[in-house]
Structure formats: structure tokens, C-alpha cells
Amino acid sequence: MQISLQIHLSSFTFLLLIFLLPVLSESQVASSESQTLLEIQKQLQYPQVLQSWTDTTNFCHIRPSPSLRIICLHGHVTELTVTGNRTSKLSGSFHKLFTLLTQLSSLKTLSLTSLGISGSLSPKIITKLSPSLESLNLSSNFISGKIPEEIVSLKNLKSLVLRDNMFWGFVSDDLRGLSNLQELDLGGNKLGPEVPSLPSKLTTVSLKNNSFRSKIPEQIKKLNNLQSLDLSSNEFTGSIPEFLFSIPSLQILSLDQNLLSGSLPNSSCTSSKIITLDVSHNLLTGKLPSCYSSKSFSNQTVLFSFNCLSLIGTPNAKYQRPLSFCQNQASKAIAVEPIPKAKDKDSARIKLGLVILIIIGVIILAAILVLLVLIALKRRRSRSEDDPFEVNNSNNERHASDKVSVCSTTTASSKSLPDSRRVPQTMRSAVIGLPPYRVFSLEELEEATNDFDAASLFCEQLYRGCLREGIPVTVRVIKLKQKSLPQSLAQQMEVLSKLRHMHLVSVLGHSIASNQDHNQHAGHTIFIVQEYISSGSLRDFLTNCRKKEVLKWPQRMAIAIGVARGIQFLHMGVAPGIFGNNLKIENIMLDETLTVKISGYTIPLPSKVGEERPQAKKPRSNEDREKEDVYQFGVILLQIITGKVVAAGSSEMGSLKLQLENGLRDEPSVLSSLADPSVKGSYAYESLRTTVEFAINCLCEDQSKRPSIEDVVWNLQYTIQVQQGWRPSSGNHESSMKAIYE
């Protein structure tokens, strides 16, 4: 009986082991791969997200987070996702790191982003990566060199993301070998000049911010699954091809900041699926297709500012350049268009012959020039015997106005600055150091704010918190009056994700909770995660004697133009533009380097709980709200100049404005006495005078005479140029001014 019981127990144990072995193998990574992961930690120089790894770490049981995710199957790592927050390059070689990655032979997903990785991708390493790899993301690092042609050996790849690195030159001529590829993101490199052949299954293509210099290739029309195409910030030339608007699935088309000429095709009206079309900052001429003024296209966002379109009589006409500018630039763009690569021996010979002819021509021309110079020198010597000194006197004319035109529409106008007005400052400034925009889980935000504890609340509906990665943030809680349709919310979140700029307290991400998700909030509640700036506001600096001394005139001009560029981005850098922002010195934040960060600006969302709109009042137009923002900027500028804190529309502000107007008409010493004593000796009088004059223009009671935000930026650039040309009698502020302007 006892022997029988032992046999049964042994059988049971054996069966139990058979069932448990697969489970154990999935929960415990192979020891060799554990050592590989620890070596990867070492090669990455122990980033914060990996600091908890030790010899005893069970890698398959690490809780997934937005910055770290490891998935195991049958004892092998199938996914490794590590997201750091490094903004500078790590020292040392990373060849060993890439070699270690080849030892994870079952990887399907590999993502190493913002980790400071540098060096180049070795072709041998690429060929030895896991053959089952489906997703490769090495974005936001410092990887340089060419993208190896061997990349096409990764036949199962569905997503290839190499954006924001330092890759340069030609991409592999033919990426069609990646037959399963659906996402290709090579933005933010120096690739070019020609677009490689693309695989047919692509749904998302981003080649933005590179050095592509060709016409938009016809091969794109064969990408029938394409939903998003971003070719912005390159040097694409020629006209916008009509075939782009016949791609059946295309929803987002970004062609802005190129050298595209001609007119916008009428066929762009026939593509009802395109939600966003951005052709701004090009060389387009002619008229807009009439459909864009039709109500049937009200759900479509079309951006076309800073071209040379004929929009006479429309509010958008002021955002267009002169026709002559586009014609001149288009002819130059055609002249520098690269010669296509030779496809056979005959074309190679022709190209070589052309090069030889050009060289011979240059040599002959140089010889003629040398001969002419020798003749001229000989004649000059013969004249110098009679007149040994030849003097040329040139007088520098000073452009200064003795009369002050208060509330004129321009100050230090375009006549003073013809060059600065030709190509406006790009409004899409790179935001260095920000983590990628993402959707947060509600649990993450509860953890960051200690369950939205009252101690974390430092302003109405605004909580201070800290993400798991150690990044300090603010979380704004917005309760909507009623539930919105998912499609409507998705479109609003798309706009929200664009609110990232050097001079804004940028949005890092969001979370949406419904009644079921979070029982504290009825209906939809939106949680907006933004940067946290701890250094203080402009008001703090102007009201603190010690901090105030830091703000000399060059620093104040940098702050002024920073505020202006932030407003310009809100008005013109996103679609639709954001107007009626709560602009005051309390909301102008300054970081450790005195870089401006505007907070409290309007968040474009539906009506919020507690927000009532009077029925009797007519809604204000965007133009009215734009001019209101300019007025509020004028108030900020007034306070920057004088160092005095005044409220908009107050009697103190009116009195201060009147004193400055009188100071402009009086002796220079009178106006100088009205400036903040803290800036004494650090400014050029002409810079002070034009800044005061422009501040008064912004404060005109007649809003039609207030300048546009574009004029604000241009005129502030003029005052900075004036300051750059001034040499102080004591101390050297020129170098700081140069750094500010650049």
C-alpha cells in the first residue's frame, strides 16, 4: 500500500513539473540573456531608469512603465524598450552595445531612445540582429554616419524609427526589400538629397527636417495605404503634384517649409479624407482653390501662410509675402536642383564631360581675371607717381527719426529692416530636453500627484507632481461640461500635442478619464501634463531687488522677444490659432537660463464645468482676440522697460504710458530717466527709444492701429540689432546680446 502511494506521488510530481516548466521558463529569462541585459546597463552608463538592475533581478517580472518594458517568452527577451531623458552625448564607444544587442536572438521589439547613444551603425551588426525583429526605434540619440544598406535584411521589420539623430547622406537606394514596413520615421537628420525607393505597405512616412533636394517623387502615388506623409523642413522643389491628393487613405499631408512653387492644385479639393494639409512657408503663388472657403470643408485644416498667394481682401492677406519674392526664390531653387544620379555608363560619361568642361571654363576665366588685375595694377602704379595717396571717404548715414508717430501701424518699419522681413523666423523651434509627447495612464498621474492630494494643489485645478522618471511636472485638471465624441476628443488632443515650443510651458502629454475610469469626476475629465518651471516668474524678478539686478537691458530684450515668439507660435504655429491668452507678467516664467516660458495660455478644449458664456454678448472674433494679446504684450513691455508693476487698463498704467509718450518728444535724458535704474549703462539709447515707441503702439486704444504679432517680432529684432552695434563705456554687453539674438 505504501509503495503504491509513493508511485502515485512520484507520478503526480512528474506531471506537475511538466505543466509548470513552460510557466517557469516564461517567467525567468535565460541566464545568458540576464548577463547580456546587465552588460547593456553598463554600456548605457547606468541611466536612471535602469539603476535598480542587479544580479538578482528577475527581468521578466519588471513592472512595465512608459520608460521601461521587457517582455519574455519561453525564457527569451522578445521586447526591450528603454526611454531615457539624456539631452547630451555620452562619452565612449557604443560598438560593444550594438554587439550585445545581437545576443538577444528572439527580439521582436527594440526601442532605445533618448539615451545619449553615439557612433555609427555597423553593417555587420545590422545583419546579426534578431531576424524576427519587427520594430526598431533608436530615436533622439546621437548616432551618425550613413544608414547601412544592410537594413533591408530585416525582412520582418514593420516599424523603423531613427528620427532626431545625426545620420547623413544617401539612404539605401531601395528600401523596398522591407516589404512588411508600415512606419518609417527618419525625421530630424541630414539625409538626402534624394528620396529612396519606398516599400508599398507604408502607412506613415516622416522625412521632415532633413536635406532632401529634389521634386516630390512619383513613387509616392503607389503607396495606397499611406495615411500620414510629412516632408516638411526640407528643400523639395517644383510644384505640388496632383497625385498626392488621389492617395485613397491619406489624412495628414505636411509639405511646409520647403521650396515648392506654382499653385495649390484644384484636385486638393477632391480628397475628402485629408484632415490636415500644411503648405505654409513655401513659394506658392496664384489663388487658393475656392473649395477652402466652402462650409463643406470646415472640418479640414489647411495652413498656407508665408507664401505669395493672392488673398487680397481677406484677413489672411497679411500673412503672405510679395509675389516677386517667391518668383526670385523659385528661380534660385530651380538653379540649385541636384543632377540625378547616373543610371548607366553613358550618363556617367556625360556627367564627367560636363565636369571637365566646367573646370576648363573656370581656369580660363581665372586666367582672364588675373590678366585684368595685372593691367589695373600697372595703370595704378603709373598714376601713383603723380598722386601717391588715393583716399576714398565714405560717410555713414544714420537713420533716425526726430518725430514720434504715436499709434502708427509700424515702428522701425520694414524700410529699416528689408532683409529681416524676407524670411520670417521659424515658429517651430526644437524643444531640446523634452521627453516625447505621450498619453499617460490615470494611475501614473495619481502616483505623480499623491492621488491629487490637496498638498499638491498650488493653483486652481493645477497640481504639482513628479513622474516616475524624476521629471517635475504640473497636472491641470479640466472637467468638461458634457461627454465629447471620441473623434472630436482625438482631434483636440492632436492640437494639444502640438503645444510644444521653446517659449511655452510645453505640454508633455495628457490623460482622459470618463465616469467609469474615475469616479471622482463626472463625464469626461482631461488631465494635461505640462513642464514645471521652478525659477519664478517675470513678476518675481521685477519685484525682487537682487533678481532685478540680473535683468540688464540685453536680458530684458531677450525676454521681450521670447514672449513675442511664444505668442507668435500660439497665433500662427498651430491650427487653428490660439488667441485670447492670459498674458501677464505673473504668467511669464523664466527658467535657470532666463529663457521665457509662457504659462496660463488658452487650452483649446470644449466648454468646461463652471464656464458660462453670456448669451447676450456677441462672441469676439479671432482678430479682436489677437489684438487683445498684442495689447497685453504692450503692458508687459511697459513693465520690462520701467521695472514698475502695473495692471492692464489701470490709471497707473495710463499715467506711465503718458510719461513715456512725453519722454519720446523731449530730450533723451528725460526718456532715459523713465527707464528702470537697474538697466543704467547697459543700453543704447536708440534701442530704448524704439522699444518704448513700439510698446506705445501696442497699447493703442484703436485696436486696428495696433501692430500684428509678426510686426512685434520683426521690430524687436530691429532693437536688438541696434543694441548689437552699440559698445558700452563700461562692461561688455555685446557678447551677451549676440548670444541672445542667435
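The backbone N, Cα and C atoms fix where each Cβ goes, and this holds for glycine too.
Note on N85, N392: Swiss-Prot annotates N-linked glycosylation site at N85; no matching annotation appears for the rest, which is not proof of its absence. Proximity of distant same-chain residues to the repeat 'LRR 6' (206-223), defined by a Cβ-Cβ separation under 8 Å and at least 6 residues beyond the stretch ends, is recorded for 163, 168, 184-195, 197-198, 200, 229-238, 240-241, 243-244, 246-247, 254-255, 260, 336-338, 340.
In this structure, of the glycosylation sites N85, N137, N209, N266, the smallest number of CB atoms within 10 A of the CB marks N266. Spatially, by CA atoms, the glycosylation sites N85, N137, N209 include one closest to N266 (N-linked glycosylation site), and that is N209. Beyond its flanks by at least six residues, the repeat 'LRR 5' (178-204) meets 134, 139, 147, 151-152, 154-172, 210-214, 217, 219-220, 222-228, 230, 234-235, 249, 338, 340-341 of its own chain at Cβ-Cβ distances under 8 Å.
Straight-line distance linking the Cα atoms of N209 (N-linked glycosylation site) and N137 (N-linked glycosylation site), rounded to a whole number, equals 18 Å. According to DSSP, N137 (N-linked glycosylation site) sits within a strand segment.
Using DSSP to sort the residues of the repeat 'LRR 2' (104-128) gives these counts of helix, strand and coil: 6 helix, 8 strand, 11 coil.
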